[in-house]
Amino acid sequence: MKKMTITLGPRNYPITISSGLLNHFDSFEPLKKGDQGMLVTNQTLAPLYLSSIRTVLEQGGVRLDHIILPDGEKYKSLASIELIFTELLKKWHGRHTTLIAFGGGVIGDLTGFAAACYQRGIRYIQIPTTLLAQVDASIGGKTAVNHQLGKNMIGAFYQPASVIIDIDCLSHLPLRHFSSGLAEAIKYGIAFDFDFFCWLEANMDSLLRRDVDALSHCISRCCQIKSKIVMEDERDENGLRALLNLGHTYAHAIETETNYIFYLHGEAVSIGMLMAAQTAQKLGLFSKTDIIRIKKLLLRAKLPIQGFHQIDPKSCLLHMMHDKKVMNDKLRLIIPTAIGQSEIYEGIDNDIVLASIKETLM
């Protein structure tokens with residue numbers, strides 16, 4: 001078992017990483033006997049896990065209700081938030097209840113945002129079941145839903161009471177979704193940690209076999225990197241946390257342009273990181289050799305390195321102008337300057353960005 005703590009002034013919460021955590025009531029901290037909870041999950045996971053989780057929690061003395069939502073990014077919406085609120089009110093959940101997010105990034109975002117809003121804020125627990133959520137989305141307190149004009153446009157900073165990462169949940173994850181999570185792990189290597197990037201190169205085959213030791217190291221290293229950044233820049237105020245968005249401005253534009261249907265988030269991030277690297281190369285900040293190295297690792301992770309559904313580059317650029325990091329009508333992009341290093345660049349010529357999008361999509 002690996003455990004770390006995120007400390008934010010007087011607030012702190014644990015992240016626990018191991019196999020078999022869902023089998024033990026003590027794993028579900030800070031729940032205790034007599035508590036009331038509402039588990040939020042989706043139609044894919046409910047048949048696999050709902051009954052066993054209910055048994056563990058009810059044997060521990062928790063009064064548990066649940067809501068099952070449709071599965072998919074297109075359901076990360078205000079309509080789904082309304083469904084959660086309605087269920088909480090119908091089942092008489094007050095300010096001392098606990099929401100439990102059991103799912104991937106969509107469920108985590110929905111549950112966290114609902115917790116931030118319901119009766120002006122209630123406790124919630126993150127139990128991420130996808131690799132993407134385990135290495136990234138469940139940590140740091142960013143919660144949001146999408147709008148038709150942009151991804152993650154409506155949300156709040158709201159930290160969970162704990163994060164419970166059971167590696168066994170990955171056994172049911174389809175390969176495409178598993179690879180989507182690997183994109184976020186690779187992002188940490190490109191943006192922050194050259195040694196971790198090298199480790200990913202050396203251990204990609206073990207990760208794809210879902211070797212428990214390799215997964216444990218990968219997840220814990222990603223959590224360590226993100227935890228450190230969140231503790232230094234919780235609300236994205238000094239620019240450090242923004243570096244976690246390497247490739248994401250491009251990726252969110254791809255997802256918005258394709259209506260969240262054709263690309264998983266990690267697939268869009270994979271393409272977006274290459275767009276960022278191409279932009280950096282055009283600015284003389286990044287080598288072609290390193291772009292080739294990144295492409296090779298992404299391909300080994302079964303990730304796309306170019307568009308596989310028709311995308312209009314000019315529309316992508318327009319969507320990018322809606323990004324939350326835009327200031328004074330100027331794009332602010334996270335650009336790699338070497339493998340393991342990244343910086344924020346403002347005011348990059350739109351023609352350079354557009355050319356990078358076109359080249360990567362070809």
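Backbone N, Cα and C atoms are what each Cβ position is placed from, and that goes for glycine too.
K151 (NAD(+) binding site) falls within a strand segment according to DSSP. The Cβ of K151 (NAD(+) binding site) lies under 8 Å from the Cβ of H252, E255, T256, Y260, each of which sits 6+ residues away along the same chain. Positions annotated as NAD(+) binding site by Swiss-Prot: 71-76, 105-109, 129-130, K142, K151.
Other C-beta atoms found within 10 angstroms of the C-beta of E184 (Zn(2+) binding site) number 26, with every protein chain shown included. According to its DSSP assignment, E184 (Zn(2+) binding site) is helical. Annotation comment: Swiss-Prot describes E184, H248, H265 as Zn(2+) binding site.
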Return one of helix, strand or coil for I107 (NAD(+) binding site), based on DSSP. helix
Can you give me the same-chain residues 6 or more apart in sequence from H265 (Zn(2+) binding site) with a CB-CB distance under 8 Å? E73, G105, L132, S180, A251, E255
In whole Å, note down how far the CA of H248 (Zn(2+) binding site) lies from the CA of T130 (NAD(+) binding site). 19
